[in-house]
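Engineer: Below is a structure I'd like to ask you about.
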Amino acid sequence: MAKITKEIVFGNHKLILETGEVARQADGAVMASMNGTQVLVTVVWKKDSGESNDFFPLTVNYQEKFYAIGKIPGGFNKREGRPSDNETLISRLIDRPIRPLFPDNFFNEVQIIATVLSLNPEVSPDIIAMIGASAALSISGVPFNGPIGAARVGYKDGVYLLNPSRKEQEESKLDLVIAGTKDAILMVESEAQELSEDIMRGAMLYGHEMMKSVIKSIEELAREVGKSKPEWKAPEIDTVLKARINDVARNEVEAAYLIKDKQQRYQRLDELREQTISALLAENDELNADVIANMFGELERSIVRNRILDGEPRIDGRDHRTVRPISIRTKFLERTHGSCLFTRGETQAIVVATLGNERDAQILDGISGETRDRFMLHYNFPPYSVGETGQVGSPKRREIGHGRLAKRALMAVLPDTNEFPYVLRIVSEITESNGSSSMATVCGTSLALMDAGVPLKAPVAGVAMGLIKEGDRYAVLTDILGDEDHLGDMDFKVAGTEKGITALQMDIKISGITNEIMERALEQALEGRTHILGVMNNALAEHRTELSQHAPRITTMKVAEDKIRTIIGKGGATIKGLIESTGVSIDIDDSGVIQLFSPDKMALEEAQKQIKALIAEIEVGQTYQGKVSKIVDFGAFINLLPGKDGLLHISQICAERTQKVEEVLQEGQEIEVFVAGIDKQGRVKLEWKDKPQAEAKEVEGASVSATFLTMEEQSEEINSGNKISEEEE
């Protein structure tokens with residue numbers, strides 16, 4: 001096949017889609033490029049019927065290669081290893097908008113691999129990978145109701161930005177990724193700095209409009225080189241069997257969905273499913289139990305959806321706008337730095353905040369460069385939270401994604417580093433789940449941080465919205481249950497403060513939603529969020545003024561850059577000695593900012609005292625309590641400050657010239673001395689007197705900054721012929 005190229009003007013960039021040259025044995029392969037960032041996306045799908053599957057086995061693997069940026073991977077093996085969290089998140093970003101566009105009951109295996117081959121650090125590869133996946137699917141011949149487009153939207157000074165550069169993104173108040181078909185939005189993922197509902201809705205509409213040129217070009221590419229799609233038809237529905245299941249089970253299923261307790265309801269539905277399968281197999285043993293079970297599930301879906309659309313109470317008895325009952329306990333765990341038990345209906349999370357120092361920050365080494373993450377949020381979803389057994393171990397894709405969403409919701413309200421220099425780690429343990437556990441994590445995180453004494457700019461709450469839509473009838477649901485998520489058409493999570501939205505995630509399972517529905521969902525989400533914030537404020541209105549007694553303390557000092565060497569010492573000896581003597585962790589950066597970290601307040605104060613002594617200047621006219629460090633023929637060296645000595649001449653020690661210094665002073669002896677002067681070489685002249693004499697008053701209070709000589713350096717100066725004479729006194 002000849003190489004085919006499509007060029008699209010996309011914001012300030014030129015997007016190039018190429019096929020026919022690379023990976024020609026894949027069903028679909030597209031090289032997507034934008035200003036030096038190149039991503040190869042391939043699609044392969046199995047042509048067998050997939051009848052052995054009862055789910056759609058779609059796999060998306062996004063991978064970044066270090067050679068793309070001219071780097072060699074770290075580690076012993078010097079090659080790329082398991083996917084990073086960022087790669088996992090982008091894999092999910094590609095998966096979410098394309099999955100709903102495959103036909104119902106299409107169970108053939110499909111694999112998409114997106115590989116970053118070249119990276120311009122100013123151009124993020126995620127949008128390029130999403131567009132490349134859409135193009136590769138569109139030419140692969142797989143049944144796919146696309147294509148989709150994707151775009152990133154920023155917001156600065158009242159203007160929306162299309163696919164902003166990395167520098168522009170740093171100045172933007174919004175980072176929104178949107179994907180959809182030419183007719184409808186399918187997926188939104190965003191982080192914002194407390195923006196209004198209208199601004200967020202406008203960003204979604206703007207991004208959707210801008211991506212239509214990309215969709216048009218992919219359609220043209222598919223017409224030119226796309227493989228013919230097989231005539232795929234969903235298996236025919238056995239209408240007789242469907243009617244029989246309805247007759248046998250409908251009344252009992254309707255009654256089961258009046259049971260408000262999740263576990264009791266599930267137990268009853270399991271019993272009814274097994275009874276229905278047994279009854280129908282007894283009537284006709286040629287029937288397939290899996291087919292009966294699937295039709296039973298369709299009956300459940302129909303009952304729940306129609307009841308909601310008819311205006312009847314939801315599964316747990318609520319109306320469409322009511323949030324489930326909330327209970328909150330802060331200081332839930334005794335020895336943690338901050339903790340919260342957040343319960344909303346049958347969804348519950350124990351959220352724990354831990355404070356650390358700069359050394360606890362996570363170092364992330366990716367192709368975009370090395371970064372330090374000072375705010376970590378880890379979300380755990382153990383199987384017991386839904387009453388099941390299962391494997392426990394490394395976080396799955398869903399856990400990584402939920403943790404990332406909750407983290408983005410809090411980023412806008414975290415204090416500045418100079419105000420609160422701690423590194424923060426949050427762990428959310430989901431102990432019960434019946435929908436919206438990620439939003440429970442958002443609420444619990446806000447409370448746990450305030451419980452730990454973190455001065456958040458504002459509390460943050462989150463709520464998950466749902467949608468039931470049949471034709472022109474629809475209902476938007478606030479604070480959805482797990483069943484309403486599973487049986488519904490939308491999962492729309494919104495988090496924010498009283499002032500505005502900080503994070504938003506939307507996944508649509510149908511062909512799309514109207515602007516009216518989106519506006520209704522945002523309006524109800526604001527109402528629900530405001531209610532939840534009120535409950536949270538009743539439990540803990542402000543952050544604790546004192547840190548937990550179990551939390552470490554951090555003190556920050558700023559010293560002149562020319563003092564850094566003094567504090568570190570030769571080969572790091574001085575700073576190591578400070579750490580060993582005080583037990584305090586000490587970090588100093590190139591700008592002279594020192595961070596002291598210890599659970600012991602007294603140790604922190606001692607370390608501060610020693611550092612101040614290290615960098616202190618000797619002042620002429622001041623009196624110091626010094627220690628005799630060395631005795632020589634012409635006097636004694638007195639240590640005034642760490643690393644700073646002065647000479648007490650023999651004339652200031654002995655009344656008689658024949659008297660020896662050793663007869664008056666001994667090494668280690670402490671005496672009070674007066675700084676009489678500092679010469680151009682930085683040598684300090686001392687007097688052994690109770691108070692300054694009259695002639696010293698001329699310099700009283702004067703401060704002289706100089707390069708002070710140590711005892712050894714002064715001794716060398718004197719021995720080399722620069723001896724301080726009595727006449728100089």
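Every residue, even glycine, has its Cβ placed from backbone N, Cα and C.
Found this in Swiss-Prot, in case it helps:
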BINDING   ASP485, ASP491  Mg(2+) binding site
DOMAIN    552-611  domain 'KH'
DOMAIN    621-689  domain 'S1 motif'
REGION    710-729  region 'Disordered'
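Thinking about packing and proximity, how do these listed features fit into the structure?
Structural biologist: Residue environment of ASP485 (Mg(2+) binding site) contains 18 other Cβ atoms, counted within 10 Å of its Cβ in all protein chains.
Mapped onto DSSP classes, the domain 'KH' (552-611) shows 32 helix, 16 strand, 12 coil.
This prediction places the mean pLDDT of the domain 'S1 motif' (621-689) at 82.
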Engineer: Could you give me three numbers for the domain 'S1 motif' (621-689), the DSSP helix, strand and coil residue counts?
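Structural biologist: Counts, helix then strand then coil: 6 helix, 36 strand, 27 coil.
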Engineer: If you count Cβ atoms within 10 Å of the Cβ of ASP491 (Mg(2+) binding site), leaving out that atom itself, what do you get?
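Structural biologist: Around the Cβ of ASP491 (Mg(2+) binding site), 22 other Cβ atoms lie within 10 Å.
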